[in-house]
Amino acid sequence: MLVWLAEHLVKYYSGFNVFSYLTFRAIVSLLTALFISLWMGPRMIARLQKLSFGQVVRNDGPESHFSKRGTPTMGGIMILTAIVISVLLWAYPSNPYVWCVLVVLIGYGIIGFVDDYRKVVRKDTKGLIARWKYFWMSVIALGVAFALYLVGKDTPATQLVVPFFKDVMPQLGLFYILLSYFVIVGTGNAVNLTDGLDGLAIMPTVFVAAGFALVAWATGNMNFANYLHIPYLRHAGELVIVCTAIVGAGLGFLWFNTYPAQVFMGDVGSLALGGALGIIAVLLRQEFLLVIMGGVFVVETLSVILQVGSFKLRGQRIFRMAPIHHHYELKGWPEPRVIVRFWIISLMLVLIGLATLKVR
């Protein structure tokens, strides 16, 4: 929005030309989202407390979590608000990739909001019925994937980028829709599963978004894309603005979500952020890179799948509790230790993922 305004004002004052620089807009996008999130935090927490929108804690969870009962939840609303406002201010409104991310972000946020509302208002620990949650998540993911396929059919936008192999970029055809669906829905659920400890999900989300900001910048720059042997996508550059907005909003939220948390993001935050990371990976053609950089989310999800599968097939559990962060809690690790170690692992995986772009 401000970019368009600056384009009209630059003829009166050349200084407005700074708004055309992607790096400048990326920085101010981060700062805008950060300040909005910090400003909204105390007000959102007070409002949630007044409405008695407190966290519902399962009785079969770790005993250390019982003290979290009643902590305000649905704080993801302030994350999404900060991201959307920042993106609308600093990204080019005509960019289709930006709107794809916003559709998934807001759509998944609405699904998460309904889920949270049922939990905190109706006191239903199960929230939105699973089949309806997956149905609406699938509708959004398939709708966006199908639209992208129609527009990008038989172009680099529907190729599969394989790490370590610079000349292996097969056209996916209709499989593009299926892959995109699983990436978007899967990442949404993976971040949702990871959001079980104070600050555990938000910091890896920030790390991955920061990593994708660098990838988006390279993908939208023809020279760097050719140098790294990745597809050049002319709309990809504006995703830098989206990614830095996620970073800023996430850091602002972490101010209030760090241990001991004053507020939880709820499904309205975790589903939306996960879906956003998924669609960003799809748009950048970096689904494999998401698996590497988002390794913490992958492991958390696999721990649940293995736990459920093992119990159904053998009647035995592999972990003391799943997702795996609860396993370490029950082993006696203090919650802050689990959180920070997972953060360290996440940062390492993002750096490893970025390194794979050059190792080809």
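Quick reminder: no glycine exception, Cβ is built from N, Cα and C everywhere.
Tertiary neighbourhood of the topological domain 'Periplasmic' (1-25): same-chain residues 88-93, 217, 220, 237-238, 240-241, selected by CB-CB distance under 8 Å and a gap of 6+ residues from either end. Annotation comment: Swiss-Prot describes 1-25 (among others) as topological domain 'Periplasmic'.
Look at Swiss-Prot and you will find 47-71 (among others) tagged as topological domain 'Cytoplasmic'.
Residues or ranges marked as topological domain 'Cytoplasmic' in Swiss-Prot: 115-131 (among others). Here the topological domain 'Cytoplasmic' (115-131) returns a mean pLDDT of 84 for the predicted model.
With a threshold of 8 Å between CB atoms, the same-chain residues lying at least 6 positions outside the topological domain 'Periplasmic' (153-167) that come near it are 173, 176, 179, 229-233, 285-289, 292, 356, 359-360. Annotation comment: Swiss-Prot describes 153-167 (among others) as topological domain 'Periplasmic'.
Only residues 6 or more beyond the boundaries of the topological domain 'Cytoplasmic' (189-198), in the same chain, are considered here, and those with a CB under 8 A from a CB of the stretch are 112, 204-205, 257-261, 264-265, 267, 269-271, 273-274, 277, 294, 296-298, 300-301, 304, 323, 325-326, 329, 335, 338-339. If you look up Swiss-Prot, you'll see 189-198 (among others) marked as topological domain 'Cytoplasmic'.
Residues or ranges marked as topological domain 'Periplasmic' in Swiss-Prot (evidence: sequence analysis): 220-235 (among others).
If one looks beyond the topological domain 'Cytoplasmic' (257-262) by at least 6 residues along the same chain, the residues whose Cβ comes under 8 Å of a Cβ in the stretch are 41, 45, 68, 71-72, 75, 197-199, 202, 335-336, 339. According to Swiss-Prot, the feature topological domain 'Cytoplasmic' maps to 257-262 (among others), an assignment based on sequence analysis.
Beyond the ends of the topological domain 'Periplasmic' (284-287), by six or more residues, the same chain brings 156-157, 159-161, 179, 183, 212, 215-216, 219, 230-231, 233, 236, 239 to within a C-beta distance below 8 angstroms of the stretch. Taken from Swiss-Prot, the feature topological domain 'Periplasmic' covers 284-287 (among others).
Marked as topological domain 'Cytoplasmic' by Swiss-Prot: 309-337 (among others).
Swiss-Prot lists 26-46 (among others) with the feature transmembrane segment.
Taken from Swiss-Prot, the feature transmembrane segment covers 72-92 (among others), and the record attributes it to sequence analysis.
Residues annotated as transmembrane segment in Swiss-Prot: 94-114 (among others). Here the transmembrane segment (94-114) has Cβ contacts under 8 Å with residues 74, 76-77, 80, 83-84, 87, 128, 133, 136-137, 140-141, 144, 147-148, 151, 184, 188, 192, 233, 235-236, 238-239, 241-242, 266-276, 278-280, 283 of the same chain, all six or more residues outside its ends.
Annotation source Swiss-Prot lists transmembrane segment at 132-152 (among others), citing sequence analysis. Only residues 6 or more beyond the boundaries of the transmembrane segment (132-152), in the same chain, are considered here, and those with a CB under 8 A from a CB of the stretch are 96, 100, 103-104, 107-108, 111, 115, 158, 174, 176-177, 180-181, 184-185, 188, 271, 275, 278-279, 282-283.
According to Swiss-Prot, the feature transmembrane segment maps to 168-188 (among others).
Counting only same-chain residues 6+ beyond the ends of the transmembrane segment (199-219), those with a CB under 8 A from a CB of the stretch are 22, 26, 191, 225, 228, 230-233, 236-240, 243-244, 246-247, 250-251, 253-254, 257-259, 261, 265, 270, 273-274, 277, 280-281, 284-286, 289-290, 293-294, 296-297, 325, 338-339, 342-343, 346-347, 350, 353-354, 357. Annotation comment: Swiss-Prot describes 199-219 (among others) as transmembrane segment.
Positions annotated as transmembrane segment by Swiss-Prot, on the basis of sequence analysis: 236-256 (among others). Listed by sequence, the residues of this chain that lie at least six past the ends of the transmembrane segment (236-256) yet keep a Cβ under 8 A from its Cβ atoms are 22, 25-27, 29-38, 41-42, 45, 75-76, 78-80, 82-83, 86-87, 90-92, 95, 97-98, 101, 199, 202-203, 205-206, 209-210, 212-213, 216-217, 219-221, 262-263, 265, 269, 273, 276, 280, 283-284.
The transmembrane segment (72-92) is in contact with the transmembrane segment (263-283), judged by 3+ CB-CB distances under 8 Å for residue pairs 6 or more apart in sequence.
Remote same-chain residues near the transmembrane segment (338-358) are listed as 163-164, 197-200, 203-204, 207-208, 210-211, 214-215, 218, 228, 230, 259, 289, 292-296, 325, 328-329 (criterion: CB distance under 8 Å, separation of at least six residues from the stretch ends). A Cβ distance under 8 Å defines the sequence-distant neighbours of the transmembrane segment (263-283), meaning residues of its chain 6+ beyond its ends; these are 41, 44-45, 48, 55, 68, 71-77, 79-80, 83, 97, 100-101, 104-109, 111-113, 115-116, 127, 137, 140-141, 144-145, 148, 179-180, 183-192, 194-195, 201-202, 205, 208-209, 212, 216, 233, 235-236, 239, 242-243, 246, 250, 253, 256-257, 289-290, 294, 297.
Across the topological domain 'Periplasmic' (220-235), DSSP assigns 7 helix, 0 strand, 9 coil.
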